[in-house]
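A.B. asks: As annotated by TrEMBL, L-histidine binding site applies to A:Asp99, A:Leu100, A:Thr101, A:Arg126, A:Gln142, A:Asp146, A:Arg295, A:Tyr299, A:Tyr300. Annotation source TrEMBL lists domain 'Aminoacyl-transfer RNA synthetases class-II family profile' at A:29-373. Marked as signal peptide by TrEMBL: A:1-28.
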There are 2 protein chains.
Amino acid sequence: EHSSVLYCLCTIFLSLALPSLNLPPSLSQGTRDYNPKQMAIRERVFNTIIRCFKRHGAETIDTPVFELKETLTGKYGEDSKLIYDLKDQGGELLSLRYDLTVPFARYLAMNKITNIKRYHIAKVYRRDNPAMTRGRYREFYQCDFDIAGQYDPMIPDAECLKIVHEILSELELGDFRIKVNDRRILDGMFAVCGVPDDKFRTICSTVDKLDKMSWEDVKSEMVNEKGLSEEAADQIGQYVSMQGGMDLAERLLQDAKMSQSKQACAGLTDMKQLFSYLQLFQVTDKVVFDLSLARGLDYYTGVIYEAILTQNCPVNVSATQNGVDEKAEEGVSVGSVAGGGRYDGLVGMFDPKGRKVPCVGVSIGIERVFSIMEQKAEASARKVRTTETQVMVASAQKNLLNERLRLTAELWNAGIKTEVMYKKNPKLLSQLQHCEDSGIPLVAILGEQELKDGVVKLRTVHSREEVDVSRAELAEEIKKRTSDV
Amino acid sequence: EHSSVLYCLCTIFLSLALPSLNLPPSLSQGTRDYNPKQMAIRERVFNTIIRCFKRHGAETIDTPVFELKETLTGKYGEDSKLIYDLKDQGGELLSLRYDLTVPFARYLAMNKITNIKRYHIAKVYRRDNPAMTRGRYREFYQCDFDIAGQYDPMIPDAECLKIVHEILSELELGDFRIKVNDRRILDGMFAVCGVPDDKFRTICSTVDKLDKMSWEDVKSEMVNEKGLSEEAADQIGQYVSMQGGMDLAERLLQDAKMSQSKQACAGLTDMKQLFSYLQLFQVTDKVVFDLSLARGLDYYTGVIYEAILTQNCPVNVSATQNGVDEKAEEGVSVGSVAGGGRYDGLVGMFDPKGRKVPCVGVSIGIERVFSIMEQKAEASARKVRTTETQVMVASAQKNLLNERLRLTAELWNAGIKTEVMYKKNPKLLSQLQHCEDSGIPLVAILGEQELKDGVVKLRTVHSREEVDVSRAELAEEIKKRTSDV
């Protein structure tokens with residue numbers, strides 16, 4: 001009995017003492033902060049991508065980070081288990097968004113929008129096994145561009161591929177290839193090869209593994225795990241090894257077996273059309289019609305595509321270190337940096353009358369792009385600036401704080417990005433050191449003499465050159481000297 | 001018994017039938033989508049604010065949308081009940097961030113950062129009663145600028161006020177005033193007026209209501225609800241009616257009662273210093289030392305401030321329609337558009353050794369700014385553009401889709417923001433109509449004759465003027481004509 005009283009007292013004591021006993025703070029598993037350097041890189045990447053989206057006339061929207069649970073229900077198949085739910089604190093059942101596509105479809109249906117070209121850059125949430133060294137997080141950015149509307153076939157689809165081409169070229173991530181296929185071609189192929197209707201999706205997801213497993217292993221999974229006949233598997237094997245361009249689409253349209261499937265023919269005819277537009281857009285150099293491309297998501301109904309980097313960059317190596325390439329965000333393999341396709345049925349799932357709005361879109365695998373850019377920045381001799389400060393107002397003498405602040409305000413008011421040290425009497429050396437550290441190119445130095453003469457000593461940090469500039473002309477002179485910043 | 005079987009069957013039937021019976025989709029209470037027009041306004045506001053932050057040499061960081069629950073525990077007092085928790089799906093207990101200040105303090109402590117000037121613009125979450133017509137949401141943006149570090153007194157504090165002054169001036173929201181006070185002055189005042197130590201915080205929150213209640217009502221709350229003596233209340237009443245500038249700080253330093261409080265004297269000396277810096281920054285025209293300013297949050301330790309719009313704009317009217325002004329986000333009253341102060345103890349709460357990092361910061365009430373800007377846009381005759389498209393490639397004749405696409409790609413490759421209709425043979429009128437609707441200033445019209453001549457007919461939408469431009473010079477000509485876009 002004594003011991004239980006003691007235990008009780010201890011518990012009370014501990015619960016009183018603990019709040020003041022700070023443990024080192026930490027983050028939730030699979031999430032991360034972005035420090036200023038990472039933010040500077042992120043901003044550059046976003047600017048490049050947004051510039052491209054705007055060049056193509058896209059608007060942007062934003063949606064809440066959580067949706068009613070029912071909005072997400074039944075949209076992601078097996079992956080639904082990865083959805084973050086909010087605690088029921090009295091009220092609605094809510095979930096964090098899993099991607100940007102379902103909220104987009106919900107937005108279109110809710111606002112009865114039948115035509116829009118929009119981009120959306122925002123974070124999404126998945127309770128996946130984090131693999132943060134490989135750039136896989138539970139909170140990560142998606143960067144989506146979609147075209148909704150009833151249009152003549154393959155024109156918006158071709159624009160999506162043009163956009164992928166532009167973005168990957170401008171980001172200078174190295175050489176890349178864009179694989180293209182069509183769900184209707186896949187389904188038609190499965191039908192003519194003798195795959196039973198109810199096995200289409202599961203065989204499709206086995207085919208999807210061809211970029212990381214040998215054909216023998218894929219065939220074995222089809223036959224031994226999924227119960228497909230060996231004959232059907234072999235027939236599939238012949239098709240999925242095919243790669244080409246418009247010529248391949250034409251050849252398959254003449255193919256004795258393929259041509260028996262209406263679905264396949266519709267897909268192949270559109271594929272031909274797609275390539276003709278891609279020629280006009282001058283991007284066929286990077287695009288391959290690849291019958292092994294399947295993609296994970298259920299909602300695709302037509303053309304699908306995926307862009308992969310073909311150079312062996314360091315991220316690739318670490319991602320494949322166990323010999324098994326893993327799937328990254330958006331059901332996209334780790335080597336892949338963009339993916340998308342046509343989904344004509346999703347909006348209709350949200351409309352009370354089932355009215356469909358055809359959509360096609362692309363998602364840029366932005367976290368992977370960040371990783372690559374960060375590694376490039378690490379490897380480069382050039383320092384990443386985290387501020388854009390043009391000038392630091394400094395002095396070598398004491399008791400000039402007020403004069404420094406006055407000049408600083410003058411420069412702020414003239415639109416110059418200016419810093420000043422928050423010290424009464426900082427040493428000139430520490431002021432110059434701060435400029436070196438943070439890449440500030442100019443220093444405006446004030447002293448008794450300069451104040452008397454109505455000038456400022458303008459020092460160029462890298463050359464240590466100094467020149468007197470009249471105070472009235474200082475802002476203009478700084479603008480001139482930093483016009484490339 | 002029959003009826004219960006029937007009920008059972010009905011339930012089964014309904015649960016089977018419901019998934020295919022689409023209800024109109026909706027959003028979680030207190031959240032909203034941003035449509036393209038709202039996004040265009042939001043982008044403009046953000047750009048103005050970020051430009052100001054960068055002018056002051058700030059870096060930016062980002063933190064995850066959810067934190068470990070324990071990170072937020074014990075930081076918000078009573079308001080903790082408004083925190084969104086995530087469901088325990090096996091693993092850590094997580095909560096959505098409630099503001100950006102606590103994650104910032106956690107970030108500093110976790111990374112042992114003792115000096116930083118950073119801004120952070122991101123969404124925060126509060127399970128409050130939404131009042132969406134008044135611009136109060138459960139998901140809303142915060143827009144914070146903070147300076148962390150041990151510096152000479154009041155210099156960073158003055159910069160925060162300068163920043164508020166710059167942002168509110170540039171956003172052109174109408175006239176404004178920035179009230180300033182200091183927690184040490186308030187506490188000293190309470191002490192010398194005879195408020196018992198343990199009543200400081202509760203009396204402080206009653207004082208905080210002076211901007212929306214008469215002194216009589218505030219006094220009555222102090223005396224009747226909070227049990228303060230009438231004499232003490234009357235003494236407080238004399239002080240809290242005082243407003244002024246540096247002169248008031250000087251006068252109070254000589255005040256027989258106030259000068260007895262060391263705390264008050266420290267606060268008043270710093271207030272004098274603050275005003276001397278504000279004079280150098282040329283912002284004293286808008287700043288008032290106001291002894292009635294108290295602010296809600298517990299963690300402030302020194303100077304506090306709040307900016308209010310002084311013009312009666314429409315939002316103000318609707319917000320005060322019941323005669324009772326309500327508190328908006330960030331513990332800021334609805335008329336207020338920015339607020340902040342010094343919090344020297346918060347980072348220490350996260351450090352295992354309690355090491356303090358002094359901080360001062362300001363939060364811009366951005367949702368309120370959005371509301372005002374949206375209303376201004378509604379009232380204005382000028383249309384808000386949601387894209388930046390410079391030119392539309394069009395044709396009057398049939399069968400020119402390929403030629404249109406070819407020219408469009410040429411312009412994209414030249415960096416021109418270009419749109420083209422996704423139709424084989426769109427009518428010229430509908431192409432021109434799209435330009436009118438979305439504010440596209442130029443149309444590049446192709447026809448058989450133009451193709452033969454190697455030119456394009458460049459049409460200015462508003463004047464309907466048309467001129468032939470050689471294809472080689474088209475991009476340059478478009479750039480020249482849209483250089484102000």
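The backbone N, Cα and C atoms fix where each Cβ goes, glycine too.
It should be emphasised that the depicted structure is a prediction, and the values quoted were computed from it without experimental measurement.
Can you tell me where each of these features sits in the structure?
C.D. replies: Of all the Cβ atoms in the protein chains shown, 25 others lie within 10 Å of the Cβ of A:Arg295 (L-histidine binding site). A:Arg295 (L-histidine binding site) falls within neither a helix nor a strand when secondary structure is assigned with DSSP, and so counts as coil.
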A.B. asks: Taking A:Asp99, A:Leu100, A:Thr101, A:Arg126, A:Gln142, A:Asp146, A:Arg295, A:Tyr299, A:Tyr300 as the record's L-histidine-binding set, what's the max Cα pairwise distance in Å, rounded to a whole number?
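C.D. replies: About 22 Å separates the two most distant Cα atoms.
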A.B. asks: Roughly where does the domain 'Aminoacyl-transfer RNA synthetases class-II family profile' (A:29-373) sit in mean pLDDT, to the nearest integer?
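C.D. replies: Taking every residue in the domain 'Aminoacyl-transfer RNA synthetases class-II family profile' (A:29-373) and averaging pLDDT yields 90.
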A.B. asks: When DSSP is mapped onto helix/strand/coil, what comes out for A:Asp99 (L-histidine binding site)?
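C.D. replies: In three-state terms, A:Asp99 (L-histidine binding site) counts as coil.
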A.B. asks: For A:Gln142 (L-histidine binding site), list the number of other Cβ atoms lying within 10 Å of its Cβ atom.
C.D. replies: 21
A.B. asks: If you draw a 10 Å sphere on the Cβ of A:Thr101 (L-histidine binding site), how many other Cβ atoms land inside?
C.D. replies: 24
